[in-house]
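Peer 1: The transmembrane segment feature in TrEMBL is assigned to 26-49, 56-75, 81-101, 108-130, 136-155, 176-197, 228-250, 262-295, 307-328.
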Amino acid sequence: MSVTHTVPVSQGRRSFLGRILRAREVGLIVMIFALVALTSVTQPGFLFSDGGWRELLRQPTILILIALGEAIVIITRNIDLSVGSILCLSAYAAGSLFSNFPGIPIPLVILSGILLGAFLGLVNGLLVAFLRVPSLVITLGTLYTYRGIAILWIGPHFIRSSWLPDEYRSFGTLQFLGIPVLLIVVAIIVLLIGWFMTSRRVGRDLYALGSNPEAATLFGLGERRLTVTAFVASGALAGLGGLVYLAIFATGDAQVGTGYELQAVAAAVVGGVAIVGGSGTIWGVALGAFFLATISNALPVLGVPSLWQQSIVGVLIVGAILLDRIVFITRIRRAKRKGTAT
């Protein structure tokens, strides 16, 4: 005769609530609201000025896009340090198309910027996958290579607002029910990528590769193919980030995107992506990027020097890595105890 064990409803509810409270995403949401509230109390104009809260929603869109691509690469146990340079090249390429071909369809320019980013990501992926050189080394090299190309191409010049069609410039400030359209578009992209990573085989294979590369290879998942796929996605999203940058600021020079690579890594890690690969959520990455962008906006308003702003981001990265390590060690110990008990 079998015996059915039931879990008390109150215990089940506590367990469910505990999982929610432990979620990295919830913690980030709380910190974002706390930071905005603190800054708004100290400087009411931060949120309640004309367009203040809309700017707070619009500016993180660039970092969110770049961080999404970076997260996909990190999930596969790699890293992409060239995303800032790819953003720069994509933005200037789009501006040049508008300048040299007046009347060119905007969708064609957007597609060109994304494809340029994807191509540069493809170069990264092929080098990492086939040379068997650590991605940190490869993308550090392409960071400077792509930036050098940007400097040679752009020189002392810069993108002028007059190059861009009115429709493209207005997209950077367009609103729907008071919400920046750019944020709505980026939110849709986040949802699509999150669905792809969790519901499609390629997305799950990317997680499997990062979790255990040897096992993934034994199961025939195609390590090189997945590595290239991750870098192409990162490049394409960085290219799209360049297009969004151009729509928001309508200008730019050869230094556009400098520093975004480390911000993207920080957003991914703070958002819960393990630096050793194999775990993390796209939603957490988006919130991590939003949190870091909010910090960048809030700290100057609070009078915090720029040097301390960089230090705070560094502390967040180290703290997130330590937290992931603690969680990893705790899981291993629990698994060992369960194995001993059985």
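Placed from the backbone N, Cα and C atoms, the Cβ positions cover glycine too.
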Peer 1: Under 8 Å, at least 3 Cβ pairs, sequence separation 6 or more: does that hold for the transmembrane segment (26-49) versus the transmembrane segment (81-101)?
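Peer 2: As far as Cβ distances go (cut-off 8 Å, pairs 6 or more apart), the transmembrane segment (26-49) and the transmembrane segment (81-101) do not touch.
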Peer 1: Restricting to CB pairs under 8 Å, which listed stretch, 81-101, 176-197, 228-250, is in contact most with the transmembrane segment (108-130)?
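Peer 2: Looking only at 81-101, 176-197, 228-250, the most contacts with the transmembrane segment (108-130) come from 228-250.
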Peer 1: Within this structure, do the transmembrane segment (81-101) and the transmembrane segment (176-197) have 3 or more Cβ pairs under 8 angstroms, counting pairs 6 or more apart in sequence?
Peer 2: no
Peer 1: Take the transmembrane segment (262-295) and find every residue of the same chain, 6 or more past its ends, with a Cβ under 8 Å from one of its Cβ atoms.
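Peer 2: For the transmembrane segment (262-295), the nonlocal Cβ contacts are 24-25, 28-29, 31-32, 35-36, 56, 59-60, 63-64, 66-71, 74-81, 83-84, 190, 193-194, 197, 207-212, 309, 312-313, 316-317, 320-321, 324, 328.
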